[in-house]
Protein chains: 2
Amino acid sequence: MTRFAQTLPDPIIAAKAVPPLPPTGPRSLAVGVIGPGRVGSCLLQQLEAARPRLWHEAGLDLQLPAVVGRQRMWLDCDDPELNHRQDAAQTWRPADLEEFASYLQSRRADAALLVDCSASELVVARYPSWLKAGMHIVTPNKLAVSGPLPRWLEIRRACDSGARLRYEATVGAGLPVIQTLRSLLDTGDQLRSVQGMFSGTLAWLCNRHDGTRPFSVLLREARDLGYTEPDPRDDLSGIDVARKLVILAREAGHPLSLEDVRIESLVPAELAALSCEAFLERLEALDAPMDLALTRARAGGGVLRHVASFDPQEGARVSLQVLPASHPFAHTRLTDNIVQFTTARYGENPLVVQGPGAGPEVTAAGVFGDLLQIAHALPAHA
Amino acid sequence: MTRFAQTLPDPIIAAKAVPPLPPTGPRSLAVGVIGPGRVGSCLLQQLEAARPRLWHEAGLDLQLPAVVGRQRMWLDCDDPELNHRQDAAQTWRPADLEEFASYLQSRRADAALLVDCSASELVVARYPSWLKAGMHIVTPNKLAVSGPLPRWLEIRRACDSGARLRYEATVGAGLPVIQTLRSLLDTGDQLRSVQGMFSGTLAWLCNRHDGTRPFSVLLREARDLGYTEPDPRDDLSGIDVARKLVILAREAGHPLSLEDVRIESLVPAELAALSCEAFLERLEALDAPMDLALTRARAGGGVLRHVASFDPQEGARVSLQVLPASHPFAHTRLTDNIVQFTTARYGENPLVVQGPGAGPEVTAAGVFGDLLQIAHALPAHA
């Protein structure tokens with residue numbers, strides 16, 4: 001322990017001495033969580049833990065009165081004595097999204113906010129009516145923002161009500177990706193290109209694929225470690241990465257759709273239609289093409305990376321690319337995501353954000369951050 | 001041109017099709033700029049250029065009625081017909097900060113915001129009274145946030161009025177550093193350590209110092225390129241970097257002061273007291289110690305970098321450090337800043353932000369981003 005550490009006050013006292021949030025008068029926000037899965041449950045825990053602090057430091061009364069899953073839902077009017085304790089026995093009723101949203105909006109709160117942690121088209125279909133009714137939405141769900149353009153535009157138009165939709169966690173989980181791009185654009189910068197590695201799984205595979213072991217062995221190991229989807233083709237196809245690219249391009253004002261992205265799938269054509277079991281038995285078919293790609297990359301002194309890139313002239317592309325060894329993407333840590341924005345102001349050297357881009361905790365934190373942005377913009381009471 | 005590029009609509013139409021800012025009803029903000037130097041002038045240009053867009057897309061009436069320099073100031077009541085045109089002939093009156101602030105607050109606007117682009121203690125001394133009076137402040141000036149702790153706490157307490165103080169551009173210019181840390185903490189994460197290279201000048205020198213040329217030659221080159229301060233000791237001393245570290249530690253709730261930072265200056269003791277001219281004639285005295293440091297770093301297979309680090313146990317330190325060649329700081333681009341946050345949630349792999357961390361344009365953009373955060377949180381009219 002250094003002298004410094006000994007004289008450092010208790011962190012809680014310190015935090016009070018330097019108040020972290022601007023007090024802006026009391027406000028209340030009723031939050032309903034749709035989809036209490038891994039991310040949704042983690043978010044509920046984070047919100048529960050933060051409630052006293054948000055009240056004391058920011059005057060924010062964060063209410064958590066409603067949770068809805070696929071089959072059933074819980075409204076705290078059913079359990080008035082439970083007072084938000086998610087760990088206690090709860091009374092559930094059949095899930096009904098309309099009833100759920102109505103209940104949330106009927107609460108005595110300054111605003112109602114729906115968190116969509118589902119991966120459900122049925123939920124997305126309701127965004128326009130919820131937003132028109134003035135309810136805010138925060139989601140890590142890529143379906144709305146990367147889905148059909150007419151629906152996305154309808155959703156954006158529904159925000160004319162003043163309701164806000166935020167979706168930071170759709171790209172890079174809790175990393176500040178969308179808000180960074182948003183801030184660049186809002187302050188008058190122009191996006192020239194965006195380049196990223198948006199799949200921790202594919203980043204890990206490319207990092208580990210050094211020629212000592214066949215790609216199929218690495219893929220099996222990644223699947224055993226839980227890094228891949230149950231069917232690894234969901235990662236290898238590149239579609240999830242392409243959705244994230246669509247989200248960023250649209251954020252910059254370009255009406256890109258998933259069909260516009262040139263995706264080079266890592267799944268050989270003859271394996272694409274197999275059952276998952278049959279595919280897993282034939283992973284060795286991936287080895288020859290991946291070895292060839294690696295050999296070619298090395299012949300040019302480069303490294304092989306799975307990269308998503310967009311620029312307004314060249315369009316959007318998701319593919320294996322050979323990068324020079326000096327490229328920042330050549331030095332990422334294992335499963336890290338990385339994104340770099342090249343803009344008018346960040347022209348010579350781009351702006352880079354890097355870090356873990358998946359996992360329930362950091363994804364929930366990304367959702368939580370969006371929620372706070374909306375909460376902080378709520379008008380305070382007199 | 002690809003098929004995609006040919007079918008891409010005009011960017012302006014595209015931007016309208018995907019509205020970038022949530023419309024939240026009309027609001028007005030009167031902005032006064034203190035210190036129309038390089039950053040202040042650049043900011044005024046950025047704000048002027050953005051005004052029509054902010055009004056059309058976000059209903060924000062951004063007023064720029066007042067600018068004050070060291071000697072004189074301009075209030076648009078003196079030139080009602082000029083209507084904010086900074087390029088036209090203007091009527092100036094003697095500078096008076098109180099009159100300036102009073103005029104700004106007397107404007108018919110929903111809120112008044114002062115931008116402090118000075119480097120003046122006289123301006124910082126007025127922060128508490130301005131904030132208590134409800135005026136918001138945005139600044140790239142490190143003096144307040146890294147200055148004496150009692151004054152900083154007084155400034156924070158003055159925000160009890162509901163006024164907000166933002167200072168993103170004090171660290172890394174336009175890079176999202178403080179807001180990223182803020183979001184981690186506000187969502188319940190805990191900072192374990194922060195590590196960064198906060199001087200583009202020292203990053204450039206370390207990157208270029210490969211043993212082929214003496215350090216003094218590189219330093220002269222950097223000065224000729226305009227990378228260093230006129231007196232390079234202002235960079236080499238590490239004090240400016242230490243100020244940024246203090247800002248980040250305080251943001252995380254630790255009452256750190258500049259005196260708590262163990263700063264290892266690169267300026268040999270015998271050169272510290274010389275005049276600038278005399279110092280510039282004796283730069284060769286830096287070569288032997290820097291060569292020795294480089295030799296030692298390489299003997300261990302590492303690289304030499306100028307690093308600022310803080311953690312609650314070890315305290316704060318600014319020094320040359322030997323990093324493993326695999327460390328992300330070993331691969332930054334020339335003058336880039338980089339910061340990594342290790343937290344409870346980003347424990348194994350930290351969250352990293354990297355990019356150019358100096359220059360009037362990106363610094364002004366960081367100020368502009370803060371201004372928009374405050375503007376977006378203003379209550380809209382009915």
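Backbone N, Cα and C define each Cβ position, glycine as well.
Worth saying up front: this structure is predicted, and the values here are computed from it rather than measured.
Among the features that TrEMBL reports, NADP(+) binding site is placed at A:Gly35, A:Pro36, A:Gly37, A:Arg38, A:Val39, A:Gly40. The feature domain 'Aspartate/homoserine dehydrogenase NAD-binding' is assigned by TrEMBL to A:35-160. Annotated NADPH binding site per TrEMBL: A:Lys142, in sequence order. Per TrEMBL, domain 'Homoserine dehydrogenase catalytic' is recorded for A:176-372. According to TrEMBL, the L-homoserine binding site annotation covers A:Glu229. The active site, proton donor feature in TrEMBL is assigned to A:Lys244.
The structure, with features from TrEMBL marked on it.
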residue  : record                    : DSSP (3 states)
A:Gly35  : NADP(+) binding site      : coil
A:Gly40  : NADP(+) binding site      : helix
A:Lys142 : NADPH binding site        : helix
A:Glu229 : L-homoserine binding site : coil
A:Lys244 : active site, proton donor : helix
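Once Cβ contacts within 10 Å are tallied over all protein chains shown, the recorded positions A:Arg38, A:Lys142, A:Lys244 are led by A:Lys244. All protein chains considered, the CB of A:Gly40 (NADP(+) binding site) has 24 other CB atoms within 10 Å. The domain 'Aspartate/homoserine dehydrogenase NAD-binding' (A:35-160) scores a mean pLDDT of 90 in the predicted structure.
Around the Cβ of the residue listed as 'L-homoserine binding site', the number of neighbouring Cβ atoms within 10 Å comes to 15. Of all the binding-site residues listed (A:Gly35, A:Pro36, A:Gly37), A:Gly37 has the fewest other CB atoms within 10 A of its CB. Here the candidates are the recorded positions A:Lys142, A:Glu229, A:Lys244. The one whose C-alpha lies nearest to that of A:Gly40 (NADP(+) binding site) is A:Lys142. In terms of C-alpha distance, the listed binding-site residues A:Gly35, A:Pro36, A:Arg38, A:Lys142, A:Glu229 place A:Lys142 closest to the residue listed as 'active site, proton donor'. Using a 10 Å radius centred on the Cβ of A:Val39 (NADP(+) binding site) and all shown protein chains, the other Cβ atoms total 27.
A:Gly37 (NADP(+) binding site) sits 16 Å from A:Glu229 (L-homoserine binding site), counting Cα to Cα. Those same-chain residues not listed among A:Gly35, A:Pro36, A:Gly37, A:Arg38, A:Val39, A:Gly40 yet with C-beta within 8 angstroms of the centroid of the NADP(+) site C-beta atoms are A:Val33, A:Ser41, A:Cys42, A:Leu43, A:Cys117, A:Ser118, A:Pro360. Within 10 Å of A:Lys142 (NADPH binding site), counting CA to CA, the binding-site residues A:Gly35, A:Pro36, A:Arg38, A:Val39, A:Glu229 contribute nothing.
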